[in-house]
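Q: OK, Swiss-Prot features for this one:
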- Pro88, Glu89, Gly90, Leu91, Gly92, Leu93, Gly94, Ser95, Ser96, Gly97, Ala98: ATP binding site (BINDING)
Amino acid sequence: MECKRARAYSSSANLGSGFDILSMAHTAFFDTVEICVETKNSENIVIESNSKIPLEPNRNSATYPLVRIMEERGIKASLRVKVIKGIPEGLGLGSSGASATAAVMAFSSLFNLNLSKEDLVRYAMYGEIASSGSPHPDNVAASVFGGVVSVVSVNPVKVVEIPLNYSFNILLFVPLNIHIEEKTKKAREMVPKTVKLSDYINNSRYISSLLIGFVKGERDLIRLGLNDEIVEKARLPLFPYYPKIKEIAIKYDAVGSCVSGAGPSILVLTDKMTDENKIAEEGTKTCNEFNVECEVIKAKIAGGVEVERRN
């Protein structure tokens, strides 16, 4: 029985005002997906996992992309798919996107499809449909490419890797006792359909500030760019502790802070000028004030999805 296994890292989408556009892959967590071909003359997908994920192929973020690839490319096979979840689910860390990305990469390797990175993103987006009903591309793009990415087009898929000329580390405040059913779907429903022109202009300025800050290595521009007037504000009921954590992060000279994806996790960028211990200590106290138990995770920028070698 031939098998392939791939690993994809967690990610933080939006990065302030870059809703459905920007995302960052990091080493905080990763998912692994192993796909084995049992027979090539029938069509069946059996799912195994260490987590309570849907076992129906069309409802599973790892296997629904495979269903679509097989339909589109006329591939017939009976598959056993093992999804090893390392990324906490429903916490704004790209869990479904990483599973989808790892699955598509393993499948591409198994069937020698040699899919381009953009095709990996395009197929992995089906995993987001299975998870939340929306094919948002930002998390899967980060998990595919690694680093910081901008999704500049979805039809066709076009992703640009953002050059990083400023060295920073990552702190994540990850709530352990928050669980919201269909969180991503609900969070997307909270995003306003219309916005004030002044908010739109400010958000456009933030995006340009962040990207220029990354490219030119300018700390102040990165800090300014990690702000948002629209989406974070609309979703604040999901993470009421966020404004104070951000205030603490800036107080102790973090590069900047924002909500990780749809939350409730919070992303803080740090460097040699930052007092990480104070941010972790006071940020954890803030979580507790809101009856939220937060784990603080230290991470770095991650690379893209990879096929794991078998010993």
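Glycine too: its Cβ is placed from the backbone N, Cα and C atoms.
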Q: Which of Pro88, Gly90, Gly92, Gly94 (the binding-site residues) has the most other Cβ atoms within 10 Å?
A: Gly94
Q: Enumerate same-chain residues with a sequence separation of six or more from Ala98 (ATP binding site) and a Cβ-Cβ distance below 8 A; give 'none' if the list is empty.
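A: Once residues fewer than 6 apart are set aside, Ala98 (ATP binding site) is near Ala8, Tyr9, Ser10, Ser11, Phe29, Phe30, Asp31, Ile87, Asn139, Ser143.
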Q: Please list, in sequence order, every residue of the chain apart from Pro88, Glu89, Gly90, Leu91, Gly92, Leu93, Gly94, Ser95, Ser96, Gly97, Ala98 whose Cβ lies within 8 Å of the Cβ centroid of the ATP site.
A: Ser10, Ile87, Asn139, Gly261
Q: Taking the Cβ of Ser96 (ATP binding site) as the reference point, list residues of the same chain whose Cβ is under 8 angstroms away and which are at least six residues distant in sequence.
A: Ser61, Glu89, Gly127, Glu128, Ala130, Ser131, Ser132, Asn139, Thr184
